[in-house]
């Protein structure tokens, strides 16, 4: 028998442990500080003490993390390029994304996952390139191994992804581990899913040795795939993200809708439904879609109907320079002409009587 109190009990732990997140700075801002690691460590407000200690103790790792911010934010913007919210970052905002990620939404889940993955990727790459004193190539990949093609020798430089994951967990999760509220648990879950996603795409690369390429001896190593593979994977997880509530003892999650499966460690989880992101809203941090380019012939999320939220669009006639008449010349060049191409660009209208700032 289903009790009417059952729903109350499901939500009670969430209500008891929920606190509205505050707009605070994050390690995400490290990519904007520049300068030395000391400048970075001392000028990113919001770092907890253990993060600052790691920052001062490992300046070379912090440089890698700071450079990596540009990579994972660019990947986020690529994945959301055809959506109303396009993972836009805010200049001079210490939180990098503003208020939009205060909501425990699918978008927050994705950003926490992709940022955590980005840290693993950046640190691991820096280790392999000899840019970090405390790590190098994977020391476990030594001696011989065997695969479907036979025996091989471990050689080259296998990416030390275990070090990247370990450091990322210690640094990225530090602030969330200090909190016991629902949002902290959500962030920790999505951080872990992001870290695991990078390791999923480790690939074995080999080089043949022998007379005339006979491959009588193979040397192999493990290498991370391009970060786009991780971005594409997390994008699929975003589209299949699972809405959850806190369980009764407040230590984990249960699905909000019993028809859906329980989330695994690889799934992204969220608590709140997303806003529609149609209009500029200071409360939610949405910049709206006025001025966004839309696709008149598309039926997807980038269509003018969906992107512009039914407000209509303006059309501009523009010209652009393109390469044309390209010919191959022996040997070995391709020569092209410069041509002008005329095209129509469609941009979403702003809401009527709105105090509007066109998003960038």
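Just so you know, glycine gets a Cβ as well, placed from its N, Cα and C.
Here Swiss-Prot flags 1-25 as signal peptide. Swiss-Prot lists 76-87, 127-135, 137-157, 206-220, 208-215, 278-309, 294-304, 308-348, 324-339, 326-336, 331-332 with the feature disulfide bond. According to Swiss-Prot, the feature O-palmitoleoyl serine maps to 212. Among the features that Swiss-Prot reports, N-linked glycosylation site is placed at 295.
Locations of recorded Swiss-Prot features on the structure.
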residue: 76; record: disulfide bond; contacts (Cβ under 8 Å, 6+ apart): 87, 110, 111, 114, 231
residue: 127; record: disulfide bond; contacts (Cβ under 8 Å, 6+ apart): 135, 136, 137, 159, 160, 163, 164
residue: 157; record: disulfide bond; contacts (Cβ under 8 Å, 6+ apart): 128, 136, 137, 221
residue: 295; record: N-linked glycosylation site; contacts (Cβ under 8 Å, 6+ apart): 82, 302, 303, 304, 307, 346
residue: 309; record: disulfide bond; contacts (Cβ under 8 Å, 6+ apart): 84, 276, 278, 279, 289, 348
residue: 324; record: disulfide bond; contacts (Cβ under 8 Å, 6+ apart): 336, 337, 338, 339
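Of all the disulfide-bonded residues listed (135, 208, 278), 208 has the fewest other CB atoms within 10 A of its CB. If you take the Cα of residue 215 (disulfide bond) and the Cα of residue 206 (disulfide bond), they are about 10 angstrom apart, rounded to a whole number.
Note on proximity: of the recorded positions 206, 208, 212, 220, 294, the one nearest residue 326 (disulfide bond) is 294, by Cα distance. The two recorded residues, the residue listed as 'O-palmitoleoyl serine' and residue 294 (disulfide bond), show a Cα separation of 55 Å.
For the disulfide-bonded residues given as 304, 308, 326, 331, 336, the lowest number of other CB atoms within 10 Å of the residue's CB is seen at 331. Residue 215 (disulfide bond): 15 other CB atoms within 10 A of its CB, across all protein chains. Taking the Cβ of residue 137 (disulfide bond) as centre and 10 Å as the limit, one finds 20 other Cβ atoms among all the protein chains shown. Looking at residue 220 (disulfide bond) and residue 208 (disulfide bond), their Cα atoms lie 9 Å from each other.
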